[in-house]
Amino acid sequence: MIFERVVRPRLFRLGNGDAETAHEFTVRRLAGLARVPAALAVLRARYGVSAPRTVFGLRFPNPVGLAAGMDKNGVALPAWPALGFGFVEVGTVTAHPQPGNPRPRLFRLPDSRAVVNRMGFNNAGAGALAARLAALPRPLGVPLGISLGKSKVTPLEEAVEDYQASYQALRGYGDYFAVNVSSPNTPGLRALQDRAHLDALLAALVGEKPVLVKIAPDLPDSAIAELLEVCLARGAAGVIATNTTLARDGLAPADQAGGAEAGGLSGRPLAQRAREVVSFVHTETGGRLPVVGVGGILTPDDAERMFDAGASLVQLYTGFIYRGPALVRAAAAAARTP
């Protein structure tokens, strides 16, 4: 309640309401806290929840994780487990450093509890992330996922080599890797969800560490089924469902102007479709392919419904923006019984 009544209004006023300014401020502050062990201990005592489960060979202290995009460069890593997250996914990171799309590129739709982003994989590059992870003073204590994307300067026909370069730089640090082939903000990226492209990509990456595929909610079920065939045939460890959507269904009237911004939509309007995709993946694969459910989780009930749809784990991004760490704790507590 303190977050929603006091902290969030102040964050939302930063930079004259610019969402990315608030995001950067939050990550900087958490990076500062991450260097203070006593502060981390206080946060852990308040927000930590034990609800362990093992998925794709990894033990998770609880099944509620931080989605990619919140801490792209891993600058605040020790803070996220202290806020209750049972795993953390950094990135999306690319082989080449890149600035992303021009600002403004992140927009809040508060009445809809949603966000539109067209960030464009802004990140410092795989090499910089590897150096930061190598310098961590102690183990994170939760599984670390690393989301990999294609560099904008890399042509589609060289995508496999681009992903491989990032993987090779980071394979010693990630507990699992997420292949992001579904962001709507990198031209041509979603073509990598096609059978031939995805088959070549997974053939190059699957092996040493668990590799998951992050899919778009805008794919028809027939295309998802084809993608799942490739994942099973190539030994992918799981699927992350879903990325942001290009659809604009379910927006509140006051958010129509913000919703007209180009980019991917996340948050409450995505919840139903994300659950549908999770359920489809779980049913289509007979539970053989673990699913990480992400999209529209803003309450503990939303998390429970995602688990009921077939998710083994869930991730938060937009829900964390609007509800803060109390949502992490409540969602993890609701998941104590798998």
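Using the three backbone atoms N, Cα and C, a Cβ is placed for every residue, glycine included.
The following features are taken from Swiss-Prot:
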- Ser183: active site, nucleophile (ACT_SITE)
- Ala68, Gly69, Met70, Asp71, Lys72, Thr92, Ser147, Asn180, Lys214, Thr242, Gly267, Gly296, Tyr317, Thr318: FMN binding site (BINDING)
- Lys72, Asn117, Arg118, Met119, Gly120, Phe121, Asn180, Asn185, Asn243, Thr244: substrate binding site (BINDING)
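On the structure: features taken from Swiss-Prot.
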residue	record	CB count, 10 Å
Ala68	FMN binding site	27
Met70	FMN binding site	22
Arg118	substrate binding site	21
Gly120	substrate binding site	19
Ser147	FMN binding site	26
Asn180	substrate binding site	27
Lys214	FMN binding site	26
Asn243	substrate binding site	28
Gly267	FMN binding site	28
Tyr317	FMN binding site	21
Practice prompt. With an 8 Å cut-off on Cβ-Cβ distance and a minimum sequence separation of at least 6, pull the same-chain contacts of Lys72 (FMN binding site), or say none.
Written response: Val90, Gly91, Thr92, Val93, Asn122, Asn123
Discussion item. What does the structure give for the C-alpha distance between Met70 (FMN binding site) and the residue listed as 'active site, nucleophile'? Integer Å is fine.
Written reply: 15
Fill in: Extent of the substrate binding site in Å [max Cα distance among Lys72, Asn117, Arg118, Met119, Gly120, Phe121, Asn180, Asn185, Asn243, Thr244]
16
Item to complete: Taking the Cβ of the residue listed as 'active site, nucleophile' as the reference point, list residues of the same chain whose Cβ is under 8 angstroms away and which are at least six residues distant in sequence.
Response: Thr92, Phe121, Gly149, Leu189, Arg190, Asn243, Thr244, Gly264
Worksheet item: How many Å lie between the Cα of Gly267 (FMN binding site) and the Cα of Arg118 (substrate binding site)?
Response: 15
Item to complete: Report the residues of the chain - excluding Lys72, Asn117, Arg118, Met119, Gly120, Phe121, Asn180, Asn185, Asn243, Thr244 - with C-beta within 8 Å of the mean position of the site's C-beta atoms, for the recorded substrate site, in sequence order.
Response: Gly69, Thr92, Gly100, Ser183, Pro184, Thr186, Gly263, Gly264
Practice prompt. Do me a favour and check the Cα-Cα span between Tyr317 (FMN binding site) and Arg118 (substrate binding site); whole Å is fine.
Written response: 15
Item to complete: Specify the nearest of the binding-site residues Arg118, Gly120, Asn180 to Ser147 (FMN binding site), where nearness means the distance between Cα atoms.
Response: Asn180
Worksheet entry | Spatial neighbours of Lys214 (FMN binding site), counting only the binding-site residues Arg118, Gly120, Asn180 and Cα distances within 10 Å | Asn180
Worksheet item: When you look at Ala68, Gly69, Met70, Asp71, Lys72, Thr92, Ser147, Asn180, Lys214, Thr242, Gly267, Gly296, Tyr317, Thr318, which the record names as binding FMN, what is the longest CA to CA distance in angstrom?
Response: 20
Worksheet item: Rounded to an integer, what is the Cα-Cα distance in Å between Ala68 (FMN binding site) and Asn180 (substrate binding site)?
Response: 10
